[in-house]
Amino acid sequence: MNATTINSLFLIGALLVGASILVSSLSSRLGIPILVIILAVGMSAGVDGGGIIFDNYPTAYLVGNLALAVILLDGGLRTRVSSFRVALWPALSLATVGVLITTGLTGMAAAWLFDLNLIQGLLIGAIVGSTDAAAVFSLLGGKGLNERVTASLEIESGSNDPMAVFLTVTLIDMLASGQTGLHWSLLTHLIREFGIGGVIGLGGGWLMLQLVNRINLATGLYPILVIAGGLVVFALTNALHGSGFLAVYLCGLVIGNRPVRSRHGILHMLDGMAWLAQIGMFLVLGLLVTPHDLLPIALPALGLALWMILFARPLSVLVGLLPFKAFHGREKAFISWVGLRGAVPIILAVFPLMAGLPNAQLYFNLAFFIVLVSLLVQGTSLPWVAKLLKVTVPPEPAPISRAALEVHVTSEWELFVYKLGAEKWCIGSPLRELKMPEGTRIAALFRGQQLLHPSGSTVLEVDDLLCVIGHEHNLPALGKLFSQAPQRGLDLRFFGDFVLEGDAQLKAVAALYGLPAEGIDPDMTLGHFIAQKVGGAPIVGDQVEWNNTHWTVAVMDGNKIGKVGVRFPEGSRPGPGLFL
């Protein structure tokens, strides 16, 4: 490879990445997932488009694994451990039992549609059996889904790769050696994958956390150190025959949920690196496929994709979530629909090619086709389906910007900036009348281009920029303080006619509204009663019906219900609505 060739690679690579970024702006306008657009850019530059010939499967495997490691590290850093209280066990059930059922049902259909033996069909099922972290993290962000649904899908996508990889590798070995039956020893291999991945991921995350917090470096080096550490965890786990994907996700989870030096710098850098990883990975996968090879298998492949989307995935979710009573039918239906496939199936489809199996090209083309259908059908319809199934909750007001204040190595102080519109409650009020959350301070106030020194008598005006020092847990209270005035719109329609305190005595609430109170524990609070009715860990948006009245969890205070919205039957309880 000479200098001219290297320079050409730089030029073509930069043009493709730049084109992907520019064209991605069409994503929100057309309602098409950005990952599909990036795939399309890669395909259009490939054999049937721009003429770039790329058939180096080992390189694609390398790029795919590297990209997924970065994406999962970033996903782990942004996943809150608090979400585990509502979704850990359901997600693990989907990541194991769910993948097995999807693999089996999809494999049997593939064997029938493409005239393959059962083991070959099951290999196809295993390749496309897991949801994809890159697709899930990319498409779920900012959709306003409730915590139970979001956490279940994100944890599932971050933890179901070990099962899919295990099944794929096992079935490839069986086909290569001519085996036709399964052995119980395979179960120990699966447990080893999860066990080694879990131990090294958690241990490596803890070691990286100690290292980052104890060593003094230039600010820009901390994100690079975290990425390097994550890749060490990923590679070491793979070398010990564990699940590198699970390990790097858990490594990010440990670092992201503890006080860590330069948190915002790490998150900002990882955000850019995760986007670059997604773009590079889907460009390479788009270049790898030959579009005209997909045409002969289009109809049976479409049938297989629809079978998986409409039957295999819903049945696997139904069985996987059967023990968990907190999941409503609407939530199960949405989780069934968002079985997003992405880069992982395509990367797994490279395994048979590298092993030299018969029909390996068919497996790859099928995986690519199913991913394309999944992203186009499920990814494009995701916002519409979320609204149809009512799994969204009103968004919490957020500051227009936030930045870390590195007061101490593990300092979690942040600076939040709010812009006050005409509809804000606090306009016209002096600062002394604001009931600021405990532990927060107004640091500065900007009016136009002028920096004001805030005092108790300073009156807030429209378009003021207010800078507040506080912690992340202060955001809900600050959001309510500087939020828009309540409208008889989404918030009131969602939470009900009134919002009551969760620690109100249930018997007193029943007496106040004339509801039957027979058999009620006089000491039970409203929040505890609603939590019992939910049947699991409650979340904002959970709804139950009692005495022909709808009760909705409006605010969570840690693991307790803080506020409950109540909606009476139409016309039976007139009066102004309240939203706190």
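Cβ coordinates are placed from backbone N, Cα and C, and glycine is handled just like the others.
Under 8 Å from some Cβ of the transmembrane segment (6-26) lie the Cβ atoms of residues 32, 34, 37-38, 41-42, 45, 52, 276, 279-280, 282-283, all in the same chain and six or more residues away from its ends. Marked as transmembrane segment by Swiss-Prot on the basis of sequence analysis: 6-26 (among others).
Outside the transmembrane segment (57-77) by six or more residues, the chain places 133-134, 137, 154, 157-158, 226-227, 230-231, 234, 244-245, 248-256, 266-267, 270-271, 273-274, 277-278, 280-281, 284-285, 288, 343-344, 346-347, 350, 353-354 with a CB less than 8 A from a CB of the stretch. Annotation comment: Swiss-Prot describes 57-77 (among others) as transmembrane segment, evidence class sequence analysis.
Taking Cβ pairs closer than 8 Å, the transmembrane segment (94-114) reaches residues 120-126, 128-130, 152, 155-156, 159-160, 162-164, 167, 297, 300, 303-304, 307-308, 311-313, 315-317, 319-321, 335, 339, 362, 366 in its own chain, all 6 or more past its ends. The transmembrane segment annotation in Swiss-Prot covers 94-114 (among others) and is backed by sequence analysis.
The transmembrane segment annotation in Swiss-Prot covers 121-141 (among others). Residues 33-35, 67-68, 71-72, 74-75, 78, 95, 99-100, 102-112, 114, 150, 153-154, 156-158, 160-161, 163-164, 167-168, 171-172, 175, 245, 249, 274, 277-278, 281, 304, 308, 338-345, 348-349, 351-352, 363, 366-367, 370-371, 374-375, 379, 382 of the same chain, all 6+ positions outside the transmembrane segment (121-141), place their C-beta atoms under 8 angstroms from a C-beta of that stretch.
When Cβ-Cβ distances below 8 Å are used as the criterion, the transmembrane segment (162-182) is approached by residues 95-96, 99-100, 103, 119-120, 122-123, 126-127, 129-130, 189-190, 193-194, 197, 243, 245-246, 344-345, 348, 351-352, 355, 357 of the same chain, each at least six residues removed from its ends. Per Swiss-Prot, transmembrane segment is recorded for 162-182 (among others), and the stated evidence type is sequence analysis.
As annotated by Swiss-Prot, transmembrane segment applies to 193-213 (among others), with the evidence given as sequence analysis.
Taken from Swiss-Prot, the feature transmembrane segment covers 217-237 (among others). Listed by sequence, the residues of this chain that lie at least six past the ends of the transmembrane segment (217-237) yet keep a Cβ under 8 A from its Cβ atoms are 65-66, 69-70, 73, 196-197, 200-201, 204-205, 207-208, 211, 243-248, 251-252, 255, 261-262, 265-266, 268-270, 273.
The transmembrane segment annotation in Swiss-Prot covers 240-260 (among others) and rests on sequence analysis.
The transmembrane segment annotation in Swiss-Prot covers 269-289 (among others) and is backed by sequence analysis.
The annotation transmembrane segment is assigned in Swiss-Prot to 292-312 (among others).
Among residues of the same chain six or more beyond the transmembrane segment (334-354), those with a C-beta under 8 A of the stretch's C-beta atoms are 35, 57-58, 60-61, 64-65, 67-68, 94, 102, 123, 126-128, 130-136, 139-140, 145, 149, 152-153, 157, 161, 164-165, 168-169, 172, 281-282, 285, 288, 308-309, 313-314, 317-318, 321, 327, 360-361, 363-364, 366-368, 370-371, 374-375, 378-379, 381-382, 385-386, 389, 391. Feature annotation from Swiss-Prot assigns transmembrane segment to 334-354 (among others).
What Swiss-Prot lists as transmembrane segment is 366-386 (among others), and the listing cites sequence analysis.
Over the domain 'RCK C-terminal' (402-484), the average per-residue pLDDT in this prediction is 82. Taken from Swiss-Prot, the feature domain 'RCK C-terminal' covers 402-484, and the record attributes it to sequence analysis.
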By DSSP assignment, list the helix, strand and coil residue numbers for the domain 'RCK C-terminal' (402-484), in that order.
13 helix, 29 strand, 41 coil
Report, as numbers and ranges, every residue of the chain located at least six residues beyond the transmembrane segment (240-260) whose Cβ falls under 8 Å of a Cβ in that stretch; write 'none' if there are none.
65, 68-69, 72-81, 133, 158-159, 161-162, 165-166, 192-202, 204-206, 208-209, 212-213, 226, 229-231, 233-234, 266, 410-412
